[in-house]
Amino acid sequence: MGHFSTFECFRPHFNALARVGYFKIVMRDIPRHKYMLHSAYRAVAFCLVLLYNLQHVVKVYKSRHSTDMIINVLFVLLTTLNTLSKQLAFNLRSRRIDRLIRVIDGPLFACSKPNHDQSMSQNATEMSSLLTLYHGAIFTCGTLWAVFPLVNRALGVDVAFTAYFPFDTSMPPRFELAIAYLTVLITFQAYGHVTMDCTIVSFYAQGKTQLQIFRYNLEHLVDAHDESVKIDGNLNCNNNDLVGYKDMGYEARERLKKRFVRCLLHFRQIVWFINEVELIFFEAMVLQFLVSAWVICMTLYKIVSLSILSAEFVSMAVYLGCILAQLLSYCYYGTQLKVESEMVNQSIYCCDWLQLSPGFRRLLLVLMERCRRAIVPRIAFVIPLSLETYIAVLRLSYTLFTVLDRK
């Protein structure tokens with residue numbers, strides 16, 4: 001039976017991105033004409049996203065004398081601009097993402113033991129569940145956003161759209177068409193946005209899983225009786241081999257060195273992988289956290305003035321929950337990655353190093369020195385992607401809210 005494919009952790013994400021035209025089709029053989037049609041579809045999707053953002057920018061300018069209207073528009077516009085920044089990062093740096101995919105599907109990240117399969121399968125299930133949860137949330141939010149203007153219209157309340165239209169939308173069927181247009185586009189962008197978020201989070205989760213596999217390999221580095229840890233051939237332990245150190249014989253020493261070198265290359269690949277993800281999405285992640293603080297603030301400002309029984313209140317509450325969960329996902333898996341990397345030296349110490357010669361122990365000591373520095377994903381190379389940062393963003397949002405509420 002074959003081992004679990006590492007790319008399966010990402011297949012639902014890249015399929016979903018291709019579905020909405022936010023990224024090209026990857027890891028699938030398709031005819032050239034279908035690839036060209038999908039490229040045209042991606043271009044149309046990008047133009048619609050630009051049009052949607054442009055309509056909101058024009059609305060902000062025309063509403064510049066109304067603070068409440070600007071807030072209503074900005075809390076949507078800032079989110080869609082954040083979506084646009086991630087879409088640009090995915091497509092302008094698609095070659096670098098292709099390289100990430102090749103590394104994910106490469107030999108160093110591949111599963112070779114039952115324990116690896118278990119860790120990778122668990123990660124794939126977790127990432128798929130997270131993606132499904134987000135998709136369910138955005139469809140719920142999109143439905144509510146379509147419902148509350150209709151409810152307000154039925155109750156005789158004036159409905160002001162957050163996007164600019166060059167014609168009067170107060171009369172049917174233009175009113176209903178405007179609602180349909182805005183609902184479809186915001187749901188379309190939200191689907192792409194949360195999928196891109198889950199994909200980036202999956203990169204960090206993959207780093208955590210690879211560190212778990214790396215630690216397992218280190219802990220079983222000297223386990224000569226574990227058939228699954230052998231690099232090649234069979235390690236024949238005769239009576240002479242069992243006397244003294246396990247790396248005394250030439251063949252045994254060479255096999256242990258191969259395992260050690262593979263572990264070293266694996267760790268170096270993990271460090272490169274996380275650094276590359278950080279570089280690819282550098283600007284998008286900076287904008288993500290800046291925008292999130294302001295959007296949370298404006299959503300709170302808007303939600304406190306709504307009736308708790310109104311459809312708009314429910315839609316705003318779901319929207320706020322999505323923003324908070326989006327930010328939490330980054331910080332949670334960033335923390336998990338850091339914690340996992342801090343436990344590497346413990347795994348090195350847990351291997352049966354007493355059975356190794358002093359020369360091989362020195363190699364392990366050098367590796368421990370290399371692994372002392374934890375792998376910490378950062379925003380703008382400074383701010384750690386951690387739960388402490390998440391709390392700091394929430395505090396900043398509340399501070400902005402109190403200032404805005406007083407004014």
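Residue 1 is the first one shown; counting continues down the chain.
Each Cβ is built from the backbone N, Cα and C atoms, and glycine gets one as well.
Predicted automatically and left uncurated, TrEMBL annotations should be read as such.
Record features, source TrEMBL:
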type	residues	note
TRANSMEM	40-58	transmembrane segment
TRANSMEM	70-92	transmembrane segment
TRANSMEM	130-148	transmembrane segment
TRANSMEM	178-205	transmembrane segment
TRANSMEM	279-301	transmembrane segment
TRANSMEM	313-333	transmembrane segment
TRANSMEM	379-401	transmembrane segment
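Only sequence-distant pairs (6 or more apart) were considered; of these, at least three Cβ pairs between the transmembrane segment (70-92) and the transmembrane segment (178-205) are under 8 A, so the stretches are in contact.
Sequence-distant neighbours of the transmembrane segment (379-401) (same chain, 6+ residues past either end, Cβ-Cβ under 8 Å): 204, 278, 282, 285-286, 289, 292-294, 296-297, 300-301, 327-328, 330-332, 334-335, 338. With respect to Cβ pairs under 8 Å, the transmembrane segment (313-333) is most closely packed against 130-148, considering the stretches 40-58, 130-148, 178-205, 279-301. Counted as Cβ pairs under 8 Å, contacts with the transmembrane segment (40-58) are highest for 178-205 among 130-148, 178-205, 279-301.
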